[in-house]
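The next block holds one structure in the form of structure tokens; read it before the comments.
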Amino acid sequence: MRARWAAWAVAWCACTAAAPFEPRASHSSTMPSPVCDPLLLHNPPPLPLNAREHEAAVVHTARALADLVEKGIADEARATALARAVARAPLSPMPAAVALGAPQLHLGVLYVSEPSRLIIFQQNNSATLRQFWRTLASAWNATSVVWSNAWFSCEKDEEGWWGGIAAARGTGPTRAAAAIFRRWSSLPCEEAMHDWLGEFPRCDPVTTECEASRALRDGERKLEYSCKCRPGHWSQYGGGWVNGDSLERNNRNFLTCTPCGMGSSATACLADVYRVGLLAANLAGMLLCVVIGLIIFRKRKCKAVAMGMWTVLEVVLFGALLMYASAASQYISVPKWRCIAGAWLRELGFVACYGSVVLRLWVLLAEFRTRKAHRWTPKDSEVLRVVGAMVLGAGCYLAAFTATAACEEDIGGCARAAWHHVTGAAEILLLLAGIRIAYAARNANVPFQERGLLSAALWAEAACGVWWRGVAWVANDAAPERWPVAAVARAHLSSGAALACVLAPRLWHGYRARSLAQEVSRRGPAEGFGAEGEEEPTSEEVRAELKRLYVQLEILRNKTIRRDNPHISKRRGGRKPPHRRFSLQKKGSREKALQARRGGKGKPSGGASVVEASEAGDASRTPEDSVCSVEGPSHYTDGDTQA
């Protein structure tokens, strides 16, 4: 039985190479069209944007027919219903024809959408139908899907460019094949078309593009060609398509385009001018990030920069630099590398930039919640480790993005917009987490209004991200990342929000925060505040300077009290180590016993009361706060420093 089925399969494949036969009209008495051999191209046609969806559709169709064969219910009626259902599938572009076949059951149907008609396989077919059956049979011995080369049909009903994809599923007697076909209005020119075009195309192969389409006028020629300048070139005909007949009437041997540059047409090369301008804007943003990074490194010991963790600020700048570079990568000529480079640079830059912003808010929240307990502040190294872990996770996700071959070389961008929607959702979740942390720390007293500025950056990026995903959703799942103008706008919005809200205010405060002592030393003590030609200090600067002066006066007063004072024991002074605990001594302690042994019993009782009062008065002081310490008090509160 298996040999018999194999013989039927061989016969079916051989029928595709049979001599052409004029098909019999089944529902009409009109005369059939004359026999015309199709033109088979040597180069594969361009794949659709959603090639993966077409492959999945043809595999599911072949598997469905194989299930019908296995159940023993496969016939022409059920195969026809299946073909009609596949022809109405929501694919882009819509299937132009669907073919199903099971040679062991002598079953073969071809359903053409426009005009709607059904063709049953028979051993004698026309030349055009033979190409459909040949495409269907090409996947019989293949384990994966097979994309066929395009062909041009010159018959009346099927005239135009055709091509398809085929797949076979099942084993042994239950194996079945399916094919989905689509049409093109034009295809790139190649050598096999020259006889049908009537001449060699008058298009320069270096500077122009050539496309062949169905001839609109009735005549001997079935095809006609058109030429257009390649990107970055211009000609006197403009940037559109020029028909070959126009070149023949103007006695042009070849349409040759000139590269855009010095002396080029400003109107024809306007798009290239825009591209150069956008690229210059991206490079300017990258240069700005480098300059700000150098400034922060030089001012890393400044109070305004040091309080914001200068290493984290450098990571924010590095992330903004990568986001600018992702927009600049849109000008890579190879589509595959353009897609991969843009995705990697964008996501790694986003995680490094806004991940650092979220972690900085977390540090502010941690400091705010531990203000009344033993103070715990996350160190820069801990924050950097968390940022590194986030970047590593993003790298694993992008590795999966690259490994699944989501980029196609022939469409100028990433084929599947689902990856970008998932990535956008992850970005918005990270931003919402940062906004939640900022809300929890809303009552924190943070210098330089840092919490509000970080929150503004997160809100701005979240609004831009939601708007960006909405545009992609409305545009029929087209990923906006493939548009250079949109990519540049997104990079400037994301990086600009970080630079404007995170770094610019901090640098401005660092520039404005000049202490009063520096001003006095520069202008002289006699001038003081309000010197002519100089702007007066703000109230915050005056308050900070007075507080510093009060602290210095307190330190000098304590040093004066301790200097050469015979009533203060030097052995009791000195700052105690941090682990040393201070415990109060009860009455009748070692000091009192020593005094009694030295003859203190004969002294008046008032002396003992003075000692006890002194010890009771010192009970509320720690060793560090005692004025008897050689180094003086270790810290001062606002109440101690005010007059």
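The backbone N, Cα and C atoms fix where each Cβ goes, glycine too.
Keep in mind that this is a model prediction, so the values were computed, not measured.
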Per TrEMBL, the transmembrane segment among 344-365, 454-475 spans residues 344-365
Ranked by Cβ pairs within a distance under 8 Å of the transmembrane segment (304-324), the first of 273-297, 344-365, 418-441 is 344-365
Other same-chain positions with a Cβ less than 8 Å from the transmembrane segment (344-365) and lying at least 6 residues past its termini are 308-309, 312, 315-316, 318-326, 329, 377-378, 383, 386-387, 390-391, 393-395, 397-398, 402, 423, 427, 430-431, 433-434, 437-438, 440-441, 444, 446, 450-451, 454-455, 457-458, 461, 481, 491, 494-495, 498, 502
With the cut-off at Cβ under 8 Å and a gap of six or more residues from its ends, the chain residues touching the transmembrane segment (273-297) are 266, 305, 310, 313-314, 317-318, 320-321, 324-325, 327-328, 331, 484-485, 488, 491-492, 495-496, 499, 503, 507
